[in-house]
């Protein structure tokens, strides 16, 4: 590496790059990066990673500590002397964490199902069916996309109570069952299907519903996964609405439950830390295993929003 | 580049050019209805009705426990002279004025930092993006501990001998709002960095390589070549962050409860306290909602103006 002797320190141009001591088959971009740049980038990336992971690792450290061990004293006490899973066991037995997880799972299942079904049907109609008012509906959808939920929070509470869904999990799900981003993701997916496919099926005698179910739907499986993943992450994150519509703590989803306990159960920080970490596991698993879907969905969502 | 796909706004009856849109079929009347009706019913009850209702309630003295009569502009005039409300508005705009530039600068910097083929960047990227999928309420619970007097932040500061006494991040009325901003920034940067990285990866490498051949240094290439090419996305990120700060609720609700005193009471928290709990004043809270809506529309309008100017 030291053989680089140009004006720009350590940045040999790709054309005159001197032979490497150990030539390795690498993507061409990597060869040009100087040692200095690498070191700077590594140092800065390490700082960024520490800022992101630091609070979580500290939580993990506290959650693994027994009641006798202090959570104070940095950095000496960061690694628990006597790691124990007691706090996690307490979180699952002494506080209603399993109940909250079950509620969240139910809400997420209903929410994702509703989201996928409604977005698929609407997206299909908006992409490939002609009907009166279609343009108006698209405009209305785009206009309501800028409406923050908080603006209609109080009214939605009154309406949901009016239809008798207060303090029910269905009442948590329905007001957020239609996602405008999801509708447009599905619409785009249906727009991308070639006409020939539809024509062939129609010639074969498929009616509109057969066409949709047997020909169109199988072609958009990728987008269905995007919508489902995004719907799950959204549902796991929702806070203000379940907080408002639920009054029975037995029905709380994890978010509302954990913050509720952190208010009433503040005596044991270690148990709350353990519970908080458990709550983060499902979305993190989905994220790490379905990164492609998450990124695609978020990118499209950001551009529409 | 932000809002509507251009063909979306075309009315249905207009003849859409064939090459842009696939053949749109006409069917018997019940076919489109079967596809659109389910979402339309749900939206009718849980979106359009509450939206109209908000406009109606804002002019009544309705309560969330029932009743209410028309009171004209009474709520609006009360709101205009409501010191607590305008204090919350002021705090929310301070929140915006600090977090939006910080989030934008940090996200752009981090996106540029990890937009590299240096070994390790592939592992670092998903870690840095991970806060975006963590529920805000749970993140807030975590930071409640991190920022407490014996929390991680104070342990580090004292461990490095920067401060002798614990810093009252959440108990000092001047400091608490800024401590909450740190939480918003910590979580927010993940998503915005991801969006910016996606934009960076669409930037053509040719210009950068040309500048490299001309001997331009890394910082020089970044400022003169790379950044101008993601200006649109950077603006988008600032707008998204600005709208997000107008809606800030979870951080103050969970971490400080609006305190100490009212030092961290934001618009949405004020709305919640007046209309949901402990207050039940649905009419007045609806008036607050409308003002919030006006602010959001103003920011969206600015974003629309900017995107239109960029397109021309």
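Glycine too: its Cβ is placed from the backbone N, Cα and C atoms.
Those TrEMBL annotations? Automatic predictions, nothing curated.
According to TrEMBL, the region 'Disordered' annotation covers A:1-32.
For A:11-26, the entry in TrEMBL reads compositional bias 'Pro residues'.
Annotation source TrEMBL lists transmembrane segment at A:39-58 (among others).
Listed as Cβ neighbours of the transmembrane segment (A:100-124) (distance under 8 Å, sequence separation of 6 or more from its ends, same chain) are residues 169-170, 172-174, 176-179, 182-190, 212, 216-217, 220, 224, 227-228, 231-232, 234-236, 242, 251-258, 278-279. Per TrEMBL, the feature transmembrane segment maps to A:100-124 (among others).
Per TrEMBL, the feature domain 'ABC transmembrane type-1' maps to A:101-290.
What TrEMBL lists as transmembrane segment is A:136-157 (among others). Packing against the transmembrane segment (A:136-157) from elsewhere in the chain are residues 126, 166, 175-176, 180-181, 183-184, 240-241, 244-245, 304-305: each is 6 or more residues past its ends and has a CB under 8 Å from a CB in it.
Among the features that TrEMBL reports, transmembrane segment is placed at A:169-190 (among others). Here the transmembrane segment (A:169-190) has Cβ contacts under 8 Å with residues 103, 106-107, 110-111, 114-116, 118-120, 122-124, 126-128, 141-142, 144-145, 149, 156, 160, 216, 219-220, 222-224, 226-227, 230-231, 234-235, 238, 241-242, 245-246, 251, 253, 297, 300-301, 304-305 of the same chain, all six or more residues outside its ends.
Packing against the transmembrane segment (A:211-233) from elsewhere in the chain are residues 108, 111-112, 115-116, 119-120, 124, 128, 179, 181-182, 185-186, 188-190, 193, 197-198, 201-202, 283, 286-287, 290, 293-294, 296-298, 300-301: each is 6 or more residues past its ends and has a CB under 8 Å from a CB in it. Taken from TrEMBL, the feature transmembrane segment applies to A:211-233 (among others).
TrEMBL lists A:271-290 (among others) with the feature transmembrane segment.
The list of residues near the transmembrane segment (A:39-58) in space but at least 6 beyond its ends in sequence, with Cβ under 8 angstroms from a Cβ of it, reads 78, 277, 280.
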